[in-house]
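According to TrEMBL, the protein carries these features:
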- 10, 11, 12, 13, 14, 15, 134, 178: ATP binding site (BINDING)
- 30-59: region 'NMP' (REGION)
- 31, 36, 57, 58, 59, 85, 86, 87, 88, 92, 139, 150: AMP binding site (BINDING)
- 224-235: compositional bias 'Low complexity' (COMPBIAS)
- 224-335: region 'Disordered' (REGION)
- 243-269: compositional bias 'Low complexity' (COMPBIAS)
- 270-283: compositional bias 'Basic residues' (COMPBIAS)
- 293-335: compositional bias 'Basic residues' (COMPBIAS)
């Protein structure tokens, strides 16, 4: 679990951070402690911070971010951490978000301890008075005047973070004016509810991913089956079409050959019939023609007998020759 505690000075952030460390087995990361540890370890970032601090300057945000980056990579921060005293400004919060994003991490919650400033001032005054009664000397900055200045600085710098994290839906507000134990229980309750919500969200996301994966598999399987079915349907159709085409061509060729054969046979038969008919007709006509010619010749002969006997004889002879020729032709045709 990765948390940030927000709240003005005196709100009890340090006390609640220590309890959360014990409850969740996470580490408390204080920017002041981390800077001192980095300087003591002599890390590149620590040496850079040392030079700046030695000159009395403020450590730049990029140096602080570098120190946080090194710290959260250590084994004891694997279960999570609580950031105390950082971020203090919106630019620091944006830089922290980018750092966590680069490391594929995210904040779980930003817990704001909201308190009444007037009540805080009264608390400080009461505490200082009690310490003096016990003979203890309070710290130089542990007084109402110093607290008022710190509260003013908090409002100017840190309060915009409340709006920033609220827009990101990371902000959880707790009434810091309750007793210490009550505040601890309330923080525990809201973090537990947050954990359950995150678990449900993760389960839903996982189920959605499984559903998408399952649907994708079904679609792929369906597409594969459809492709296979299309191929098997197309192949027999092509074969049947080719078979039909071949069969059609064969039957067409056979039909053409048969028709041609019939035509040839018909052509061969018809000429045989034609001479037969012609022969019969000629056989019938020839005797008639011969008789007619003879009769005609006789008539001509009788008519011309007195006038031209020689001419009549010649005509009769010619007619007889013609008849003989025709009869001869008919006989040949019959044969």
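All residue numbers here begin at 1 and follow the chain in the order shown.
Note that Cβ sites are derived from N, Cα and C of the backbone, with glycine treated the same way.
With respect to their backbone Cα atoms, residue 57 (AMP binding site) and residue 14 (ATP binding site) stand 26 Å from each other. Spacing of residue 14 (ATP binding site) relative to residue 86 (AMP binding site) is 13 Å (Cα to Cα, whole number). Annotation for residue 10 (ATP binding site): same-chain Cβ neighbours under 8 Å, separated by at least 6 residues, are 115, 120, 123, 124, 147. Separating the Cα atoms of residue 139 (AMP binding site) and residue 15 (ATP binding site) is a whole-number distance of 18 Å. Within the same chain, residues 66-68, 70-71, 83-86 sit at least 6 positions outside the region 'NMP' (30-59) and bring their C-beta atoms closer than 8 Å to a C-beta of that stretch. Annotation: 31 carries the greatest number of neighbouring Cβ atoms among the binding-site residues 15, 31 [cut-off 10 Å, Cβ to Cβ].
On the 0 to 100 pLDDT scale, the region 'NMP' (30-59) averages 84 in the predicted structure.
Taking all protein chains in view, 15 other C-beta atoms sit within 10 angstroms of the C-beta of residue 178 (ATP binding site).
Between the alpha carbons (Cα) of residue 178 (ATP binding site) and residue 86 (AMP binding site) lies a span of roughly 24 Å.
Counting Cβ atoms from all protein chains shown, residue 59 (AMP binding site) has 17 others lying within 10 Å of its own Cβ. Proximity of residue 11 (ATP binding site) to non-local residues of its own chain (separation of 6 or more, Cβ distance below 8 Å) is seen for 113, 114, 115, 120, 176, given in sequence order. Residue 134 (ATP binding site) sits 38 Å from residue 59 (AMP binding site), taking the CA atoms of both as reference points.
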